[in-house]
Amino acid sequence: MGGAVSAGEDNDDLIDNLKEAQYIRTERVEQAFRAIDRGDYYLEGYRDNAYKDLAWKHGNIHLSAPCIYSEVMEALKLQPGLSFLNLGSGTGYLSTMVGLILGPFGINHGIELHSDVVEYAKEKLESFIKNSDSFDKFEFCEPAFVVGNCLQIASDSHQYDRIYCGAGVQKDHENYMKILLKVGGILVMPIEDQLTQIMRTGQNTWESKNILAVSFAPLVQPSKNDNGKPDSVGLPPCAVRNLQDLARIYIRRTLRNFINDEMQAKGIPQRAPPKRKRKRVKQRINTYVFVGNQLIPQPLDSEEDEKMEEDKEEEEKEPGEALKPEEPPQNLLREKIMKLPLPESLKAYLTYFREK
């Protein structure tokens, strides 16, 4: 069964396919998707499925199809410094990509029903910060996750510039979601089988646009306590960064700008050239249904369509192009930090205690 786009061989290949099918349309969203390897959020033994345009579920752990996340990221129209709330934050994959766009002065909160999934998300977040080659290339708004039902958020909670809900919202909960949004903000959620973008244009005015026909599992209704009322859930605080943290942000920013100026002066491109890839002919598909635990695009490709696609795949090669062994990525920011005349403990702090 085919997806909305062809399966990729790796994360970059998947992103190339999403771009070709016009699911990813802006450079900012593309950079975030390339920086976070979707395969890192899969359990061991399931990673082979990470680069297919399909949803994945194992127990309470769930990832939506890449084309869904692409549409969500584009519809949110994220900007640095905004506040974001992820209702049903799951593995933290989407929240981490959002954090790369929000930058260090944004707010990035997530609420997730299952405590084991929150622990999984925190582990994946720590792994990204400590191990990812992408981390030092961005200024990051680290997500903060809490356990709870998103229909039980305390009434005195703050509002957000951008909100995404990753479960089907019933019509009678629509206004509840809207109240969490600031004037001028954008809410993206599945409602009545449509992934919908809602913009708050005034205190009591809204503009809605359907993005995609989808079928999401509905929000879990809150359970009641002994008093017959559901317990309220407090969202993370909107904390102000301390001076030590601000110093780290600005030192890293200054060094990163210095590196960029050096590279520009030497005529060194700051981005790797695009990968040569196979030609594919694939139709964009805008309807999705759940089959078991998988979100499957409809209509499905026939065997004849798949054979035609395979026949059209050709490797594009540059003239004289030869295979070269891959060199380990060079972390110029880390090198600059390590040359600073500072105690080793401060250097470790500036690198977020990363070892690479």
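Start at 1 and count along the chain as shown; that gives each residue its number.
Keep in mind that glycine also has a Cβ here, set from the backbone N, Cα and C atoms.
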Region 'AdoMet binding motif' range according to Swiss-Prot, out of 85-94, 215-224, 255-264: 85-94
Listed range which Swiss-Prot flags as region 'BC-box', given the options 64-74, 97-107, 141-151, 240-250: 240-250
Range among 40-44, 160-164, 165-169, 345-349 that Swiss-Prot annotates as region 'AdoMet binding motif': 160-164
Structural state census, the region 'AdoMet binding motif' (181-191) (DSSP three-state): 0 helix, 11 strand, 0 coil
Neighbour count (Cβ, 10 Å) for Ser64 (active site): 22
